[in-house]
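Participant: The structure is given below, and queries will be raised subsequently.
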Ligand code: ADP
Ligand code: ASP
Ligand code: MG
């Protein structure tokens, strides 16, 4: 008997039939003798709709009220799944974040989980085998307000709960049957990866692979939670682990040079033309952005031709572009740049693999594959296990396909 946390995403609970299907899957695990906690997302489309409601009343709405609104989608599915389970004769109870409680900080709309008190849920699992059906994506702040964990946050709810319950595994059921070498909805030759390291999964997620929320992978890595990504819709074939297991490096026998390719359309590029080339300028530019809680990702500074001025290019989240321009224009007098150019039509494409640590030439292969397709690279950044490039948005799919082939990742 094991303790398991199962998480079902929006498509998996997209209508009543699908919720009943989820109940049957949960029943299978209960019948196999496991103690089960389930985390559910809102029905697909519901969270987007709720976000739109808030925006259409006011662009600059109060984040606490946004959270009160958008957390409601998960309340509905948790109740419905508990009813569906009871209907199959399985004892089940729904839990909202505040009822467990899942305590968060008060960074509303992207709150972080601080602790989870699983005493009552665990007691019921032990004593009566009751299935806890937990509303994902939400918790409660120290000030007793509902707080949400950022888009895709139910993954993090699930992994955090698995860590707190000391579960043997956290199964993330979704609409694809695992983590692929790249988004299978874009590259048809993408291959399923049977096992991936925490580190690589963390890079894949943070570079845009939406299959797991970045924080869920951080959390899994920190607490060494074994995570499996698998399909809600396909009957598991014979294997014990039909999906993708996210695990420690030493559990992986054969390591590819490049494991995956991710993309993000959420970036925007800003160039400050003619900034002074002297010590302290970068600090002066990025200081006001940090103060405004704007994250800067890639940065390049051009070589100064005249020794006096240079150009500085960097990327920020698309959603932060207007604010970035505002903040910099306001500081123009002090920063002393000639012109600000912004471009929202860019994408970041990243190749990821722990094999890069010990092999040279990974970046070169990327640059050549893109050059052969006539794709211009606007900005480059690297880390130990990743190379990212910024390209014009219209080339995203072409770049993904070209790189997928260049690194030998295409399915036969
Ligand atoms: P859920 O609603 O179940 O949380 P998401 O839409 O958040 O599902 O995540 C699953 C989606 O992630 C897939 O439908 C797929 O399009 C996308 N995705 C992006 N990159 C990858 C990848 N490398 N492997 C698998 N899926 C990916
Ligand atoms: N329903 C939330 C969202 O759409 C959380 C999640 O599904 O993970 O972002
Ligand atoms: Mg998701």
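The backbone N, Cα and C atoms fix where each Cβ goes, and this holds for glycine too.
TrEMBL feature annotations, pasted as is:
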type: BINDING; residues: 7, 8, 9, 10, 174, 175, 180, 185, 210, 211; note: ATP binding site
type: BINDING; residues: 47, 74; note: substrate binding site
type: DOMAIN; residues: 270-354; note: domain 'ACT'
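Have a look at these and tell me how they're positioned relative to everything else.
Facilitator: Around residue 9 (ATP binding site), the C-beta neighbours below 8 angstroms that are at least 6 residues distant in the chain are 41, 44, 154, 172, 173, 174, 175, 232.
In the shown protein chains, 30 other C-beta atoms lie within 10 A of the C-beta of residue 74 (substrate binding site). In the three-state DSSP classification, residue 74 (substrate binding site) falls within a helix.
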Participant: For residue 174 (ATP binding site), what is the tally of other C-beta atoms lying within 10 angstroms of its C-beta?
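Facilitator: Counting Cβ neighbours of residue 174 (ATP binding site) within 10 Å gives 24.
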Participant: Run through the domain 'ACT' (270-354) and tell me, per DSSP, how many residues are helix, strand and coil.
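Facilitator: Within the domain 'ACT' (270-354) the tally stands at 29 helix, 34 strand, 22 coil.
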Participant: Taking the Cβ of residue 210 (ATP binding site) as centre, how many other Cβ atoms lie within 10 Å?
Facilitator: 15
Participant: Take the C-alpha atoms of residue 7 (ATP binding site) and residue 74 (substrate binding site) and report the distance between them in angstrom, rounded.
Facilitator: 12
Participant: Ligand 3: which of the binding-site residues 7, 47, 74, 180 have a Cβ closer than 6 angstroms to it?
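Facilitator: Passing the 6 Å Cβ check against ligand 3: none.
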